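Taken verbatim from Swiss-Prot:
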- 10-215: domain 'tr-type G' (DOMAIN)
- 19-26, 82-86, 137-140: GTP binding site (BINDING)
- 19-26: region 'G1' (REGION)
- 26: Mg(2+) binding site (BINDING)
- 61-65: region 'G2' (REGION)
- 82-85: region 'G3' (REGION)
- 137-140: region 'G4' (REGION)
């Protein structure tokens, strides 16, 4: 199976469809799999109903329905997520269950931007989806060229309003349904053989060109959340955890950040499954031996990080999804002054919620932004995910949108 190994050399990019209900996200997702499969038989073709009955998965204690599809373009390998319901999108984007390197915003040309179009763009901005490509769907239902131009202008303005480069990003006009039907009639429809299928290729070209290949986790600065600490007699203190990003090796200086004053130390050993390693890298579960650090100097909930790369903070703004009662969340609203636990990486820290002006209370099932002040500092940066818990049970999920102090 030489082919399988060859595919793996392509850069991997995570994308997803976003946009208003019934604007054609799932139909487009199906059309993309059929288009890619016409060129590459290893791609699994998925019909609308196979994608629509998305399996449930759990992320940070929250149940989300998400469909995952995969496909190749000549340049890349893509993982693509599509969610059946609006609430699933909100939960998905806030928990980071499906991290997106870029999103395909689907807008019906017949309707133009709708409330969820705006909401998904805002969410993409808040949770840090860096790039958006637009697919104006259902152009076969619009006879008036001027109307199409008007919708395109509206979409570009809306994106600019939320600080995406609305004037410059790609907008592809097509019909996912027409493309899908053409491919269902002739699954081998190649590029250049059908104008609707060509529009899907145009979209794939646009995501290839416009969404940059993400920096690999191993190329980023080192960070490891501490899960456990123990002492090896005669050797010193070991912190264990899964390396979140970057690489660590013997001799590297690191800082221990969060919960107390930042402390600098040097790595004197890295091991995995009781074997010594040259280096630990993103994704590895490792034990890191730290020079001159007492057993009580480091604890679960702190992080080991490259010096100067991350700082401890107590106050931040967040975008939050509050679980509904049916999802096992609270049964009643909460108000300003609410004091739950905020679970960051490996530990809970109590914090106080301050609601924005004009917001009296927050109901279960709401998506809301507010400010939090923690009683202890946590190593924090924008884009960091957390869960909100009461007595160990998850009642919400959030993402840090702005670090305040």
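Backbone N, Cα and C define each Cβ position, glycine as well.
A map of Swiss-Prot features onto the structure.
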residue	record	contacts (Cβ under 8 Å, 6+ apart)
19	GTP binding site	25, 105, 106, 107, 116, 117, 120
22	GTP binding site	108
26	Mg(2+) binding site	17, 48, 51, 52, 67, 82, 84
83	GTP binding site	16, 54, 64, 65, 66, 67, 89, 92
86	GTP binding site	21, 116, 119
139	GTP binding site	109, 148, 173, 174, 175
Margin query: Cβ under 8 Å, sequence separation of at least 6 from the ends of the region 'G3' (82-85): give me the contacting residues as numbers and ranges.
Written below: 16-17, 21, 25-26, 29, 51-54, 64-67, 69, 92
Notebook entry, point to check: What does DSSP give as the helix, strand and coil breakdown of the region 'G3' (82-85)?
Noted result: 0 helix, 1 strand, 3 coil
